[in-house]
Protein chains: 2
Amino acid sequence: MKSQAKADTPGSAPRPTPALHAAARVDKERRVEVCLGARSYDILIGEGLLDRAGEEFAARLAGARAVVVTDETVASLYLTRLEIALTSAGVEFSALTLPAGETTKSFAHLEQTVDAILAARLERGDGVIALGGGVIGDLAGFASAIVKRGTRFVQIPTTLLAQVDSSVGGKTGINTARGKNLVGAFHQPVLVLADIALLDTLSPREFAAGYAEVVKYGLIDRPDFFEFLEKHRGAIFSGGQERAEAIATACEAKAAVVAADEREHGSRALLNLGHTFGHALERAVSYDPARLVHGEGVAIGMALAHRFSVKLGLCSGQDAGRVAAHLKTAGLPTKISDIPGPTLERDALIEAIAQDKKVSRGRLTFILTRGIGEAFVARDVDRADVEHFLDEELPQ
Amino acid sequence: MKSQAKADTPGSAPRPTPALHAAARVDKERRVEVCLGARSYDILIGEGLLDRAGEEFAARLAGARAVVVTDETVASLYLTRLEIALTSAGVEFSALTLPAGETTKSFAHLEQTVDAILAARLERGDGVIALGGGVIGDLAGFASAIVKRGTRFVQIPTTLLAQVDSSVGGKTGINTARGKNLVGAFHQPVLVLADIALLDTLSPREFAAGYAEVVKYGLIDRPDFFEFLEKHRGAIFSGGQERAEAIATACEAKAAVVAADEREHGSRALLNLGHTFGHALERAVSYDPARLVHGEGVAIGMALAHRFSVKLGLCSGQDAGRVAAHLKTAGLPTKISDIPGPTLERDALIEAIAQDKKVSRGRLTFILTRGIGEAFVARDVDRADVEHFLDEELPQ
Ligand SMILES: NC(=O)c1ccc[n+]([C@@H]2O[C@H](COP(=O)([O-])OP(=O)(O)OC[C@H]3O[C@@H](n4cnc5c(N)ncnc54)[C@H](O)[C@@H]3O)[C@@H](O)[C@H]2O)c1
Ligand SMILES: NC(=O)c1ccc[n+]([C@@H]2O[C@H](COP(=O)([O-])OP(=O)(O)OC[C@H]3O[C@@H](n4cnc5c(N)ncnc54)[C@H](O)[C@@H]3O)[C@@H](O)[C@H]2O)c1
Ligand SMILES: [Zn+2]
Ligand SMILES: [Zn+2]
């Protein structure tokens, strides 16, 4: 498949150094195109996009109707504005508001969402709009994928994590009692609207969690971007030009990986840096958000991936230290023992890792690294090595 | 997309006259290839394939494990033979047996099937095997599509309907209270094994129901095949060379349509001949199999489509009569009043038709015909015309 991601901005070299063109585009909207042939789509990044959502929807899906799916927290903050935007653009719609939180990504809520879409008599050319974080995006996207074997899908991500990660790439799904994201579909949106002003109402903890995913792109293969983050972390957190720039770069990084490997046969697996450990931790705390949210799991997971790589003689201890230090400054956990509550069991973690879908014929697959910006897929990791490593990491 | 279906037999012209090469291949296995680029797969048609299922599975998915999904009726007849076949080919597997019947195509059973596949720790390269009729094929195929966003899928269809229709083409899904097949995915199998000897245990009623789908291919665009069926119907029902030949031709006909339009954007819609009315009837009787099974709904639907076409001045009354006569000889219903139980309501039928997914922006889409073998897609059918027609068809 011939496909690539490109940023529609001045100086859109394949991998621009973010700092270079930040200055020129402070207030300007950014557009990142995810190039997937007939399924290509735009990610628009900027302030005030929520109020333009109706226009943007109608411009792409002329005459189409919509079902908005959101959660209670987001609805109370932003649903009215979206409704006004849709109405003034003449888009007929109905809205479904679900409880907030990870437990909403369930079969029961999938069925409820599917029913709402069917009740609205959406046809294949009509659109499901996800207004919310990754939970709503994953759930609504999956429902959109399976109703009538595929309706159109639009993402309006409202968390930092959703803007830089879950809304880009077409992975949708739900959790089951046996694990996270074990059920789902690949279903690309036709449009992503990342209104960065919506992040102002996010709790510091949720913002930090999303930031873990931003850091991830630097750690995978953009050492310059990681340096940019080290330098501008304060500004990014307080919300300035650097925040917008970081989000755009992160989207572009994800879009590039997705375009190269839409269905996760190869290079896309790099996006799982920190996620094999991270998912196992989330599972071990039964997805209790009081103890751990996704991005926090990823932060610990990335720190673990670097330390595990050090232990295997792949990565320098200095790089692993730098990664942990940066995550810590951002208010993120970096050790298993940072998780509040009862101590986690090694065997439960190993078990969760083995059940994770990134297992290939019994051997364990991990994303390991040779240093900052040098992550790679290791398909043949010895279970015993993981066990010994976890023994060291877990409090005795 | 460059794709086509071809039959791997001597004299495999695009549309062979079945009678011409039946004689030469009485006992021989037939192979129809569904050509879909990287997703191409074989349909094997013959006697005794069930006992070779393990070999055929292992030949295509070396080292893969399997989860067999079946229903209680089929399990009692054939599961042991499949288990022996898998075991002797060294295929590790587990089996899930669900209740028989259309109500099994539900969210609840989907969740149960997904859980069984996850419990068996199937990986993406492993296979879900559907052993049963269209209900099991649709449900297991959908579960296979969504577990880990796609596992491998093998069909062993055990009803005539499943062998000539539901197992070919990759449409999978479930029903909801709002209608039939409203939720699902396109998910192609890697192999279809149609063991025609399994049809010997099918009730005459189920055999006739499947036969309606066989007739459909003649009515769509193969008038010669329809003549062949008129001539050999008796032999086909009692099970001879003609039965095998009819099944192979039907598979080939469906494969050709699917290859030309995998995701039902255009010509594939012709396969819905008889189905818009048929689904509405099934819904109107609440999918009560005592009153109507799928193929019977299709038989009535095809007779209605022809009579409706006569009423619209498109088709000769003689052709419509010939179609109804043939279906009747096969023991199939051809009128709404043939359905036992309380009289159906016109408005409920219209409502069910409008909710059917083959509605395009509010206008009604029907497959109509200019005569036997000359079906076409009519996207602009006037609702009032349908109402008047149904008034005539319904007992006053
Ligand atoms: N599909 C993918 O590729 C992908 C990638 C990464 C993560 N994910 C999934 O994303 C999910 C996590 O996403 P998330 O962190 O966005 O969680 P989330 O959707 O649960 O949002 C976190 C919390 O923030 C609230 N919230 C959302 N927007 C807000 C706003 N603007 N102001 C105030 N509060 C707001 C929500 O109501 C929720 O309580 C996980 O289920 C994970 O599996 C998917
Ligand atoms: N996916 C598609 O493209 C497609 C196409 C057409 C129909 N369908 C679906 O197929 C379903 C109908 O399929 P069906 O008619 O095969 O129904 P089914 O699967 O319910 O089978 C009918 C009955 O026959 C029994 N049975 C199956 N094989 C038998 C055998 N060899 N001997 C004795 N009994 C046997 C079953 O237990 C069941 O009770 C519907 O749900 C319909 O929507 C799907
Ligand atoms: Zn993540
Ligand atoms: Zn059918």
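Using the three backbone atoms N, Cα and C, a Cβ is placed for every residue, glycine included.
Automatic prediction, not curation, is the source of TrEMBL annotations.
Positions annotated as region 'Disordered' by TrEMBL: B:1-20.
According to TrEMBL, the feature domain '3-dehydroquinate synthase N-terminal' maps to B:96-208.
Following the DSSP three-state reduction, the secondary structure of B:D138 (NAD(+) binding site) is helix. Long-range neighbours of B:D138 (NAD(+) binding site) (same chain, six or more residues apart, CB within less than 8 Å of its CB): B:K105, B:S166, B:K171, B:T172, B:G173, B:I174, B:N181, B:G184. According to TrEMBL, the NAD(+) binding site annotation covers B:G134, B:V135, B:I136, B:G137, B:D138, B:T158, B:T159, B:K171, B:K180.
The domain '3-dehydroquinate synthase C-terminal' annotation in TrEMBL covers B:210-359. Mean model confidence for the domain '3-dehydroquinate synthase C-terminal' (B:210-359) is a pLDDT of 91.
Taken from TrEMBL, the feature Zn(2+) binding site covers B:E213, B:H275, B:H294. B:H275 (Zn(2+) binding site) falls within a helix when secondary structure is assigned with DSSP. Using a 10 Å radius centred on the Cβ of B:H275 (Zn(2+) binding site) and all shown protein chains, the other Cβ atoms total 25.
Classification of B:K180 (NAD(+) binding site) by DSSP places it within a strand. When the binding-site residues B:I136, B:T159, B:K180 are screened for a C-alpha within 10 angstroms of the C-alpha of B:H275 (Zn(2+) binding site), no residue qualifies.
DSSP classifies B:H294 (Zn(2+) binding site) as helix under the three-state reduction. For the recorded Zn(2+) site, residues B:E213, B:H275, B:H294 set the reference point as the centre of their Cβ atoms, and the other residues of that chain within 8 Å of it by Cβ are B:L161, B:D165, B:A212, B:K216, B:G274, B:G278, B:G295, B:G297, B:V298, B:G301. For the pair formed by B:I136 (NAD(+) binding site) and B:H294 (Zn(2+) binding site), distance between Cα atoms is given as 14 Å, rounded to the nearest Å. Summarising the NAD(+) site geometry, the residues cited as binding it (B:G134, B:V135, B:I136, B:G137, B:D138, B:T158, B:T159, B:K171, B:K180) extend over a maximum Cα to Cα distance of 21 Å. With respect to ligand 2, the binding-site residues B:T159, B:E213, B:H275 contribute B:T159 as residues with a C-beta closer than 6 angstroms to one of its atoms, given in sequence order.
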